[in-house]
Structures are given as structure tokens and as C-alpha cells.
Amino acid sequence: MQKYEKLEKIGEGTYGTVFKAKNRDTHEIVALKRVRLDDDDEGVPSSALREICLLKELKHKNIVRLHDVLHSDKKLTLVFEFCDQDLKKYFDSCNGDLDPEIVKSFMYQLLKGLAFCHSRNVLHRDLKPQNLLINRNGELKLADFGLARAFGIPVRCYSAEVVTLWYRPPDVLFGAKLYSTSIDMWSAGCIFAELANAGRPLFPGNDVDDQLKRIFRLLGTPTEEQWPAMTKLPDYKPYPMYPATMSLVNVVPKLNATGRDLLQNLLKCNPVQRICADEALQHPYFADFCPP
């Protein structure tokens, strides 16, 4: 740790405290994540270390770079590139108004980061505005990729904040244990709607039951035909048969017709029907978009 000088505490992440720090040799500003482990007596599980070391190979401009892994006497500190703010803070500063072109740019960058990681069989599993970081150049980067697999997703953060269910798909809420890339695509859909509404969450549920009700009230309760595997999921229980909202115009009024179509393809209750990141990048919504 002598290599890095702590400058200030940035906040509490899902896995522990995050500090802004400076590399004493290069003077580069970095973010240090001290990972607190539940079973501190055991030290760092070797499986977690293996997973984390794989993440150092994820090099893409829309992924927060993991520079270094510092492992000493039962402590694990991850050294990441530093970004100025997360999407949640960005929303707070934009006063309920977000330019449609910025929405499109952020969504494109989010999908680019997802496509890259998914092509390497790395899932995020806990995407939310707090782990989408934005630097001074308006570049969006996905943080905490792969950490869920290495450490599991705790029920509570270390700041005692409950880990949010707002971005979880119905299959996961019904107890699905076999995750695929579709879990991240649902989260991307929720974030897309939140971008379009300048920071208003789409499904701000209070618990699993409320979360599923909010989803089904908007999208319609899936039938056995629409989602055959649903009733076999471990925590499945029947819900009232809500009809689907005919149009998303009132839900995301500032999103154009092609944007609403992309959103509908991301928010499919049946994970098999959800669009993948590569397909989403080819969607007509991005036809007139010129990546920087």
C-alpha cells in the first residue's frame, strides 16, 4: 500500500470503502476499493482471487480498468482507474432534463461495454446507475464487472444500504440461479428508461413482491405460453393477470419510437426473448448515431 497515497474517502461501495488515491511513482489518480470479506478469519478465497485476476484482462474504453490487485494478510484492495462521478450523481446535477443525444450516447457506451464483457463470458449481475461511472470527457464506463461472481452479491452493502432490486429481472426475482448475459440486458433496459426520464427509476420496488407487481403492471403478467419456464423457477408464485400497457409513450415521453422499440426488446420478462448487446447496438435507434 506504500505505492498509493490515500487522498480522500469517496464513499461506501457494495463490497467496502472506496478511496481516491495517488500513485506515488507516477502521480496517477486512482480509486482504491478495499474489499471487506464476510469471513475475515479465512482470508481471501482463492476462487475470488482467480476471478479478480481474470478481470485485469478486461481492457475496453467503456469498462473501468482494474490496474492492480493488492493482496496482503487477509485484506484485498483493488486499484481502479479514477472517474469523476457516477450516473446517479450525474442525474442529480441535471435537474430533471437530459438531452436525447446524451441519452443515446450513454446508452450506446453502456451496450458497447456489455457487448465486450459478454463476448468474454463475463457477466455483471448487479448493474445500476451507481456503478456506471462518467469521466470529464463524457465517457461512460462500467464499474465492478465480475465482482458479483467473485464475491457474491451481499443482501446489504457495508453502509447498511439494502442492495437494490430495482434493476433485477423477473427470472432472478423468481429465484433463477443459472444466470446468462440476459440478466445484464434487463438492467440495461431499466437504466435506459431512467436515462430517458432524466433519473426517475422505472421500477422502484420496496421488496421482491412489490418489484414483480410493478414489472407486471407495466409489461403485463406473462402467460405460460409467453414464458414456459416461469412456473418451474424455485421462488415462482402466481400473480394477478395484469394486461400489458399498450404503449410506452406515457412511460418514457421523451424517447422516440425507435427508442421505445429498443426498450421493449430489452424489457422482455422471458430471458430467452431479451435482445443481446450486439443486437441492441445494431438497432435502428442508433442508426443516426456517430460514436465519438
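Even glycines carry a Cβ here, placed using N, Cα and C.
Neighbour count (other Cβ atoms within 10 Å of the Cβ, all protein chains): 20 for Asp126 (active site, proton acceptor). Annotation comment: Swiss-Prot describes Asp126 as active site, proton acceptor.
Secondary structure at Thr14 (ATP binding site), taken from DSSP and collapsed to helix, strand or coil, is coil. For Thr14 (ATP binding site), the count of additional Cβ atoms within 10 Å of its Cβ stands at 23 [all protein chains shown]. Among the features that Swiss-Prot reports, ATP binding site is placed at Ile10, Gly11, Glu12, Gly13, Thr14, Tyr15, Gly16, Thr17, Val18, Lys33, with the record citing sequence analysis.
Residues or ranges marked as domain 'Protein kinase' in Swiss-Prot (evidence: sequence analysis): 4-286.
Feature annotation from Swiss-Prot assigns phosphothreonine to Thr14 (among others).
Cβ neighbours within 10 Å of Tyr15 (phosphotyrosine), excluding its own Cβ and spanning all shown chains: 23. According to Swiss-Prot, the phosphotyrosine annotation covers Tyr15 (among others), on the basis of similarity to another entry.
Among the features that Swiss-Prot reports, phosphothreonine is placed at Thr17 (among others).
Around the Cβ of Ser46 (phosphoserine), a 10 Å sphere holds 8 further Cβ atoms from the protein chains shown. Under the heading phosphoserine, Swiss-Prot lists Ser46 (among others).
Residues or ranges marked as N6-acetyllysine by Swiss-Prot on the basis of similarity to another entry: Lys56. Other Cβ atoms within 10 Å of the Cβ of Lys56 (N6-acetyllysine), summed over all protein chains shown, number 13. Following the DSSP three-state reduction, the secondary structure of Lys56 (N6-acetyllysine) is coil.
Per Swiss-Prot, phosphoserine is recorded for Ser72 (among others), and the stated evidence type is similarity to another entry. Counting Cβ atoms from all protein chains shown, Ser72 (phosphoserine) has 9 others lying within 10 Å of its own Cβ.
According to Swiss-Prot, the phosphoserine annotation covers Ser159 (among others).
The number of other CB atoms found within 10 A of the CB of Tyr239 (phosphotyrosine), across every protein chain shown, is 15. A coil conformation is recorded for Tyr239 (phosphotyrosine) in the three-state DSSP classification, outside any helix or strand. Here Swiss-Prot flags Tyr239 (among others) as phosphotyrosine.
Calculated from their C-alpha atoms, the gap between Glu12 (ATP binding site) and Asp126 (active site, proton acceptor) amounts to 16 Å. The separation of Ser46 (phosphoserine) from Val18 (ATP binding site), Cα to Cα, is 23 Å. Taking a C-beta cut-off of under 8 Å and a sequence gap of six or more, Ile10 (ATP binding site) has these contacts in its own chain: Val18, Phe19, Lys20, Ala31.
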